[in-house]
Amino acid sequence: MPVPWFLLSLALGRSPVVLSLERLVGPQDATHCSPVSLEPWGDEERLRVQFLAQQSLSLAPVTAATARTALSGLSGADGRREERGRGKSWVCLSLGGSGNTEPQKKGLSCRLWDSDILCLPGDIVPAPGPVLAPTHLQTELVLRCQKETDCDLCLRVAVHLAVHGHWEEPEDEEKFGGAADSGVEEPRNASLQAQVVLSFQAYPTARCVLLEVQVPAALVQFGQSVGSVVYDCFEAALGSEVRIWSYTQPRYEKELNHTQQLPDCRGLEVWNSIPSCWALPWLNVSADGDNVHLVLNVSEEQHFGLSLYWNQVQGPPKPRWHKNLTGPQIITLNHTDLVPCLCIQVWPLEPDSVRTNICPFREDPRAHQNLWQAARLQLLTLQSWLLDAPCSLPAEAALCWRAPGGDPCQPLVPPLSWENVTVDKVLEFPLLKGHPNLCVQVNSSEKLQLQECLWADSLGPLKDDVLLLETRGPQDNRSLCALEPSGCTSLPSKASTRAARLGEYLLQDLQSGQCLQLWDDDLGALWACPMDKYIHKRWALVWLACLLFAAALSLILLLKKDHAKGWLRLLKQDVRSGAAARGRAALLLYSADDSGFERLVGALASALCQLPLRVAVDLWSRRELSAQGPVAWFHAQRRQTLQEGGVVVLLFSPGAVALCSEWLQDGVSGPGAHGPHDAFRASLSCVLPDFLQGRAPGSYVGACFDRLLHPDAVPALFRTVPVFTLPSQLPDFLGALQQPRAPRSGRLQERAEQVSRALQPALDSYFHPPGTPAPGRGVGPGAGPGAGDGT
């Protein structure tokens with residue numbers, strides 16, 4: 001039996017938060033006023049306002065944007081000129097029916113126009129004097145019913161009004177505009193009038209209605225509320241988003257606006273009064289071990305649609321699964337598919353049917369765990385990266401430094417800072433150079449969730465470098481410390497750490513330019529200084545001690561001739577086992593077709609380094625390559641590799657095949673076609689003689705990637721040595737890289753699977769990149785099947 005996890009009704013079941021709505025009978029729109037108590041101030045003719053108790057409207061307050069004041073005019077018989085046209089203010093409201101006008105002595109009065117109007121707000125103009133203006137909006141959900149069980153959802157809107165501006169006695173009649181009138185009105189007998197418009201939009205409905213309001217000028221105090229106008233009501237669809245604007249015409253200020261998401265059937269206590277809610281399916285969610293069941297309890301004849309999608313905070317939803325179904329159904333999901341933003345939409349397959357949505361996994365711990373397991377960091381360029389995840393994540397990221405040896409990655413905060421991360425948004429690193437020891441840490445709720453060393457694939461494995469932190473103070477003062485697992489050690493220092501012992505040498509390396517600057521700003525800098533040469537010096541002393549010991553041992557053996565042959569035999573076996581443990585040397589040559597292919601080559605080289613192989617590739621020797629030149633660098637590497645009994649790996653790509661064909665036809669390639677780091681181009685001058693003179697077998701091996709190049713596209717001259725396709729022929733490829741006389745290891749298949757797993761993310765990123773396809777894919781002679789589309 002499935003263990004009940006939680007039960008959710010999308011339509012027919014009660015929700016913990018349900019609304020019991022007031023019912024309105026009849027199809028006509030209506031409006032009424034809710035005035036405040038307005039009384040004159042005796043002889044001074046000043047104004048005061050006393051607020052009456054609010055009517056029982058149960059209106060939810062709405063925070064308004066900046067209001068637009070309504071233009072008001074003066075009317076009456078107090079001897080002053082009445083300004084018509086300009087003395088009116090408009091507010092866009094959906095008001096229906098024919099309202100009633102209350103006498104001025106009672107305070108605020110209102111009337112609703114009989115028909116909708118066109119909403120033409122116009123530009124903002126200065127107010128000529130005191131005006132009635134809307135100050136804020138309130139909304140309430142009600143039901144408009146034709147019968148007891150035939151109702152529609154409706155939105156009641158209340159607009160609160162106040163007097164804005166100041167009453168000034170005009171010096172002449174031009175201040176109020178227009179020609180003189182025969183009758184001049186006094187301010188105490190005048191009235192402020194306004195025309196208020198409500199604009200309502202809810203796809204596919206849009207309405208605009210006009211409301212006339214009026215209040216005696218002698219009964220109001222400027223800046224105080226004069227009451228509110230309530231409009232019944234705007235019909236809207238269940239679950240829709242509505243927008244309401246309120247402004248005056250002419251406009252004197254910005255309009256009020258409000259956006260509201262209406263509930264669907266499961267949020268209403270009166271769903272049985274709304275016909276569109278009757279046909280919705282009943283959905284239960286339950287768990288059974290590692291599976292989650294969506295149980296839809298509907299009749300056998302009913303047709304409905306079911307859709308699963310990722311709800312995005314920014315941007316449209318991402319559909320995951322959609323199907324039209326009939327009758328009762330049980331949909332099974334694996335628990336690994338659950339993420340917090342996974343939502344379910346269900347609807348009957350009928351015209352204009354209500355679609356109900358629910359996101360039941362927002363608070364599920366397993367869903368949050370799956371979300372972080374699915375999240376990935378992607379390096380786009382040297383300084384840009386993004387976080388790829390199904391849902392939005394509250395996260396922050398920082399750079400950290402990871403030293404070899406398994407020590408924790410140390411955050412570089414300070415001098416750098418934590419940055420907020422947005423999913424699928426490109427972020428920039430404040431770096432000058434990349435380094436394989438630099439990693440990215442992503443935290444959420446102060447807990448480490450994700451850590452990746454993004455530069456490891458392109459720049460090689462971790463290096464035994466030390467990171468120096470330079471801090472700059474006033475008056476050009478600066479201090480240096482070395483980042484170590486125990487903390488940042490000041491240089492120079494008398495501490496017993498490795499960086500402290502080599503502090504003077506590190507400072508000399510920094511001054512001589514042997515350290516790589518990774519980051520720089522006004523407050524400090526980060527430097528990566530190599531430690532290889534100091535390790536070599538230490539090992540040189542160890543080897544010297546070993547040689548002295550071997551010499552002494554040889555002398556003893558000579559003195560004991562009977563045992564000399566046995567000792568020599570054991571010594572020979574030790575030397576051979578040491579060479580085998582050290583691994584065979586492999587020189588990897590490739591054509592730098594594009595940056596994506598270089599990252600793919602870097603991933604292959606890094607994976608081979610995990611085996612008993614010593615891999616040399618120009619990606620990891622850019623400094624020596626620039627100093628020596630590509631021709632000299634390749635000749636030195638080739639000579640050293642072949643002298644040690646190693647192997648040269650020719651990694652063929654469309655660009656490499658084109659270069660080889662060019663050399664075979666012309667004997668030389670055009671200058672300037674590639675950059676100074678193209679070791680493959682430089683190697684052709686001595687690789688071709690090895691093949692032409694038959695010296696290549698046993699010393700050279702060819703390889704190409706399955707979906708990028710077919711082996712038949714490799715020139716026939718180079719097929720005199722084995723050419724393997726990767727990763728499909730990885731076991732044979734690794735077997736060819738072993739020592740010639742080394743026995744075939746039973747772990748060869750296991751190592752091939754290890755290399756394949758390490759290589760797969762780089763292959764996926766190259767053949768299925770985020771956004772746009774990677775350049776150079778499937779271009780060139782002999783591109784294999786599917787090379788263009790990555791299938």
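Using the three backbone atoms N, Cα and C, a Cβ is placed for every residue, glycine included.
For reference, Swiss-Prot has these:
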SIGNAL    1-20  signal peptide
TOPO_DOM  21-538  topological domain 'Extracellular'
CARBOHYD  N189  N-linked glycosylation site
CARBOHYD  N257  N-linked glycosylation site
DISULFID  C265-C277  disulfide bond
CARBOHYD  N284  N-linked glycosylation site
CARBOHYD  N297  N-linked glycosylation site
CARBOHYD  N324  N-linked glycosylation site
CARBOHYD  N334  N-linked glycosylation site
DISULFID  C341-C391  disulfide bond
DISULFID  C343-C359  disulfide bond
DISULFID  C400-C409  disulfide bond
CARBOHYD  N420  N-linked glycosylation site
DISULFID  C439-C453  disulfide bond
CARBOHYD  N443  N-linked glycosylation site
CARBOHYD  N477  N-linked glycosylation site
DISULFID  C481-C488  disulfide bond
DISULFID  C515-C529  disulfide bond
TOPO_DOM  560-791  topological domain 'Cytoplasmic'
REGION    762-791  region 'Disordered'
COMPBIAS  777-791  compositional bias 'Gly residues'
* Structure fact -> Looking only at the recorded positions N257, C341, N420, N334 (N-linked glycosylation site) has its closest CA neighbour at C341
* Separation of alpha carbons, C359 (disulfide bond) and N284 (N-linked glycosylation site) (Å) -> 12
* Is any of the recorded positions N257, C359, C409 within 10 Å of C341 (disulfide bond) (Cα-Cα), and if so, which, in sequence order? -> C359
* Would you mind reading off the Cα separation of C439 (disulfide bond) from C391 (disulfide bond), to the nearest angstrom? => 23
* List the Cα distance (Å, whole number) between C515 (disulfide bond) and N257 (N-linked glycosylation site). => 59
* Structure fact -> Mean per-residue pLDDT in the topological domain 'Extracellular' (21-538) works out to 74
* **Neighbourhood of N443 (N-linked glycosylation site), C-beta criterion under 8 angstroms, separation at least six** => A395, E396, A397, A398, W418, Q449
* Structure fact -> Whole-number Å distance separating the Cα atoms of N420 (N-linked glycosylation site) and C391 (disulfide bond) is 15
* Tally every other Cβ atom lying within 10 Å of the Cβ atom of C453 (disulfide bond). => 20
* Asked: Closest to C265 (disulfide bond): which of the recorded positions N257, C359, C453, C481, C529, going by Cα position?
  -> C359
* To do: Check C265 (disulfide bond) against DSSP and tell me helix, strand or coil, would you?
  => helix
* Structure fact -> Candidates C343, C359, C391 (disulfide-bonded residues); nearest Cα to C481 (disulfide bond) turns out to be C391
* To do: Please work out which residue of C265, C488 has the most C-beta neighbours within 10 angstroms of its C-beta, and give that one of the disulfide-bonded residues.
  => C265
